[in-house]
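Colleague: Input: one structure, supplied below.
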Amino acid sequence: MSSLKHQLKTYHIPFDDQMLERLERYTALLLEWNRAHNLTGAKNSQEVEEHLIDSLYPLRFLPPFDSCADIGTGAGFPGLILAIALPKSHFDLIEPLKKRVAFLHYCVMELGLSNVSIHAKRIEALTLEAPDLITSRAVTSTQTLLSLARPLIAPHTSILFYKGERVLGEIQEEEGYTITPFKQRRYLFKQGV
């Protein structure tokens, strides 16, 4: 059993063979590109797998959704990874850095993902239809993210921000957020902003 498969089972993250194959291929692509382009700090498959599990863990509690906008996708965390896991949902990946955009396009092609659109822009310069879910990982403060995402938010839009332990200082309890802890991560979720 592969290390990734073992972790998916350990953390009760749903997967099938196609998802596992794509995640393993993504890991190889990221490590290959990372040597030349420094896309992320992950230097080996174990470190990439940590990012994969971090990206996928919310599948344990997220309600179903049809569309997602991921702000600051970077090398694919969490948007591209969630797109691999949820092929029936559409993902708009928003990333302004050209080398990361090139990598994302390459991954979409190599992995045969038809549910992904990549936007090589900053969120402030983008016009999109309001998605069901907005995600972001390690981009900026919660209030700044909400301000940047405001044009994309409709009454049906939920948010999932991948935050660190300091998230409690960024929000008020009465704002209706659910915080789910996992290792050093705090998943900040609010259904129907």
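Cβ coordinates come from backbone N, Cα and C, glycine included.
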Colleague: Out of Arg100, Arg137, which one does Swiss-Prot list together with Gly72, Phe77, Ile123, Glu124 for S-adenosyl-L-methionine?
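Modeller: For the S-adenosyl-L-methionine site that includes Gly72, Phe77, Ile123, Glu124, Swiss-Prot also lists Arg137.
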Colleague: If you measure every Cα to Cα pair among Gly72, Phe77, Ile123, Glu124, Arg137, the residues listed for S-adenosyl-L-methionine, what is the largest value in Å?
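Modeller: Overall maximum Cα spacing for these binding residues reaches 20 Å.
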Colleague: Reduced to three states, what secondary structure does DSSP give Arg137 (S-adenosyl-L-methionine binding site)?
Modeller: strand
Colleague: Can you give me the same-chain residues 6 or more apart in sequence from Phe77 (S-adenosyl-L-methionine binding site) with a CB-CB distance under 8 Å?
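Modeller: Counting only residues 6 or more apart in sequence, the Cβ neighbours of Phe77 (S-adenosyl-L-methionine binding site) under 8 Å are Thr40, His51, Asp54, Ser55, Arg137, Tyr162.
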Colleague: Which state, by DSSP, holds Ile123 (S-adenosyl-L-methionine binding site): helix, strand or coil?
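Modeller: DSSP assigns Ile123 (S-adenosyl-L-methionine binding site) to helix.
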Colleague: Only counting partners 6 or more residues apart, tell me which same-chain residues put their Cβ under 8 Å from the Cβ of Ile123 (S-adenosyl-L-methionine binding site).
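Modeller: Ile71, Gly72, Ile94, Leu148, Ala149, Leu152 - these are the non-local Cβ neighbours of Ile123 (S-adenosyl-L-methionine binding site), listed in sequence order.
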